[in-house]
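Colleague: The compositional bias 'Basic and acidic residues' feature in TrEMBL is assigned to 31-44. Marked as compositional bias 'Low complexity' by TrEMBL: 45-58. Taken from TrEMBL, the feature region 'Disordered' applies to 31-75. Residues or ranges marked as repeat 'WD' in TrEMBL: 206-246, 247-287.
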Amino acid sequence: MREVLVVLFDKITDQSKSINELKERLEKQELRNSENDKLIEKLKSNPSSASSPNIASPVAQPERKQTPPKKNPFQTLILTGHKKGVEVVVRLDDGRLVSCDGDEIRAWNLKTGQCVKIISGTYGVKSMAVLPDGRLLTHNQIGLIDMWDLERQENIKSISSKGVVYSITTLKNGQFATGGNFAGAIGFQDKVCIWNAEEGEVINAYPGHGGPILALSALQDNRLASASADKTVRIWNLEKKHCDKVLNGHTGSVNLLTTLPNGLLASGSEDKTVRIWNVDNGVSIRVLTFKLSVWGVSSLVDGRLITGSGRNTVHAWDIESRTAIKINSGHEAEVRTLTTTLDGRLVSGGKDTTIRVAGVTE
């Protein structure tokens, strides 16, 4: 019994010590609280007369400007509906866009973003052109040139090209031009052919290129530019029916052409350059160099050149200063074609089956 009492006494003694220690801590904490209260009251009444090493005065921080998230300046309207990659997009005079994925033509209302017409069964179309009256021209892989009535959504006429067509464009007088390899008096030749659209017959043929003619662009004065795998661009005088000039400078196949609003001509090549030409004297006045082959060229209404190079990158160039705005097109796969709308927006068609329309204002 004595041993039990000794143990209980020791426990009581320990608890008393713990209680005394807690009382001392509580008294010290109350003293600190009282001192802090007095200091706070003093600071409130006269902030400049009191200071404490234990309380730091707040330091004014500069206001941080909130940086808004970066917007993609390219992507404003996405047109969907094609089941395959978009190969070509052209515009109509009424503001609509027309696109083709090889096997299907679609017309788009840009105000609503809706597809308003569909023509199926075009069979491997790689390029397309629009006649002044709105009829469409396409060429396919089996040598046919087809004329389409978009409003009635039907094929008006199929013309045998008697060869292989690589490029097609329309002329102001209602005629159209094709570039390709066609049968002639001395066998097949690479040549530019001028066609009567109503009769479906060749009016004039211009041989001279030493390779497939991959792009055509009508100039402003009844001349026509043609680009070829032979690394040259030729300027044809359709009135005098001969070649005015041969533009040399590219070291690879020339696949792309576009006429700029100021009358200059831009050509894109597999040599990873775009050349700007004065077509009157045949001089290359600018050379734009890229890391990858160029897959598209077009122009904005303000005169800037649009180029596509790489997987989905587009540049808007000021030709005089050779400076460019780099734009990510937003496509998830390779971009195949570029054009512009009547109100100056940029259009791209991609292998991801979409068409994207946006303004470029910078």
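Even glycines carry a Cβ here, placed using N, Cα and C.
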Colleague: Give me the DSSP three-state residue breakdown of the repeat 'WD' (206-246), ordered helix, strand, coil.
Modeller: 0 helix, 24 strand, 17 coil
Colleague: For the repeat 'WD' (206-246), what are the same-chain contacts with Cβ under 8 Å, counting residues 6+ beyond its ends?
Modeller: 164, 166-172, 177-181, 184, 189-194, 252-259, 263, 265, 267, 269, 271, 277, 279, 282
Colleague: Which value does the mean pLDDT take for the repeat 'WD' (206-246) in this predicted structure?
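Modeller: Averaging the confidence scores along the repeat 'WD' (206-246) gives 94.
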